[in-house]
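Asks: There's a structure below that I have some questions on.
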Amino acid sequence: MELHGALVASPGMGHAVPILELGKHLLNHHGFDRVTVFLVTDDVSRSKSLIGKTLMEEDPKFVIRFIPLDVSGQDLSGSLLTKLAEMMRKALPEIKSSVMELEPRPRVFVVDLLGTEALEVAKELGIMRKHVLVTTSAWFLAFTVYMASLDKQELYKQLSSIGALLIPGCSPVKFERAQDPRKYIRELAESQRIGDEVITADGVFVNTWHSLEQVTIGSFLDPENLGRVMRGVPVYPVGPLVRPAEPGLKHGVLDWLDLQPKESVVYVSFGSGGALTFEQTNELAYGLELTGHRFVWVVRPPAEDDPSASMFDKTKNETEPLDFLPNGFLDRTKDIGLVVRTWAPQEEILAHKSTGGFVTHCGWNSVLESIVNGVPMVAWPLYSEQKMNARMVSGELKIALQINVADGIVKKEVIAEMVKRVMDEEEGKEMRKNVKELKKTAEEALNMTHIPSAYFT
């Protein structure tokens, strides 16, 4: 019988890329005859352009379909988790009908962490194996399922505690260093639901690898620690699921990088969804200018109230005037800097020999792409689990410096200092050494199969 897998990704490149890469992995290493990937999106044309290099249109074994959503009547003012969960809920009927139409009927179903309600669809359709792909860290999975396992009294004790958050088998950390307590409380219902639904799956795949999160993964394997919280549901590290750089890609940014010295350029990007306020955008511009370092900055129009505003911005912005930047900034930095509107080929930039540092929002895709290319980071978290990611890369892995965003606007002097410390100082050299060692473990993980060979048969 033909082994067919159906994979579903919630909106956003941070979910689409790992799902697509997992699909390729299942075809290449696990004996799948066919994989169909469904991408839920509120903007099909934008999604197609962003994942263009990943599309395998000539391969009938790997099919990508889009599930379009009309969000014109949806309230997009809430937290990102709430917005995305509601979008996935709205897409459930279309997901069900689309999977029902597949021939042959899929025997394996995978959905990312924000689409766990679709596990019930797989159950209704009689699909043999249903799974969740966690597109972020094992630590975030641990946090999600552990918090969902607590009774109400213990949960609020954790939220109000001035002590450490004690997740079994994980390093203790103060709650506010991992999550914004006020935002988490607003997302509590959705987060608890997701944590409860994860353990109804037959297995959980995580976009990480043993050497990156050895202690946390070990705890999931221990029936006395996180294994108990998972109630026997197996957890498999399958990362790094990142899109490889495209050899020979032609782009103006890459041509510019070709002219720069080795590891001399700071790359600045806040992902496909990140946005800064007008004031913060200006401070960042002045900060980059103060460093005197070469830079590539992917810039988007400011957003005053929502740091994830760019995720739902359907305007192209490629030709929009950059009049929100400080007066004269582009002229003063034209010999050392390159400002790019909206989008740049991130994988290729991070893989380029001239790139020496990365100012990032710490979306998990960006973190992994930085690691697999051996680039140290300035961690500047904006939303979702990015605070946890920033804490991990700066505190545990020591491959980044974390900017403190709790005080509001990050001033230009702080930005300049952070960049110089990563690019010029001894601690930056140590971070570069650490991340290049992690890069080797990522390469080893890519050549390994972490799911048992007979698991899907």
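Using the three backbone atoms N, Cα and C, a Cβ is placed for every residue, glycine included.
Keep in mind the model is a prediction, meaning the values are calculated, not measured.
Pulled the feature table from Swiss-Prot, pasting it below:
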{"type": "BINDING", "residues": "S272, 343-344, 361-369, 383-386", "note": "UDP-alpha-D-glucose binding site"}
Asks: Around A344 (UDP-alpha-D-glucose binding site), how many other CB atoms lie within 10 A of its CB?
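Replies: Neighbour count, Cβ to Cβ under the 10 Å cut-off: 19.
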Asks: Of all the binding-site residues given, W364, Y383, which residue's CB has the most CB neighbours within 10 A?
Replies: W364
Asks: Looking only at Cβ atoms, how many others are within 10 Å of the one on S272 (UDP-alpha-D-glucose binding site)?
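Replies: Step by step: centre on the Cβ of S272 (UDP-alpha-D-glucose binding site), count other Cβ atoms within 10 Å, giving 24.
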Asks: Using a 10 Å cut-off on Cβ-Cβ distances across all protein chains shown, tell me which of the binding-site residues (C362, L368) has the largest neighbour count.
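Replies: Ranked by Cβ atoms within 10 Å, first place goes to C362.
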Asks: Three states by DSSP: which one describes A344 (UDP-alpha-D-glucose binding site)?
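Replies: Going by the DSSP assignment, A344 (UDP-alpha-D-glucose binding site) belongs to neither helix nor strand, so it counts as coil.
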Asks: If you draw a 10 Å sphere on the Cβ of S366 (UDP-alpha-D-glucose binding site), how many other Cβ atoms land inside?
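Replies: Its Cβ has 25 other Cβ atoms within 10 Å.
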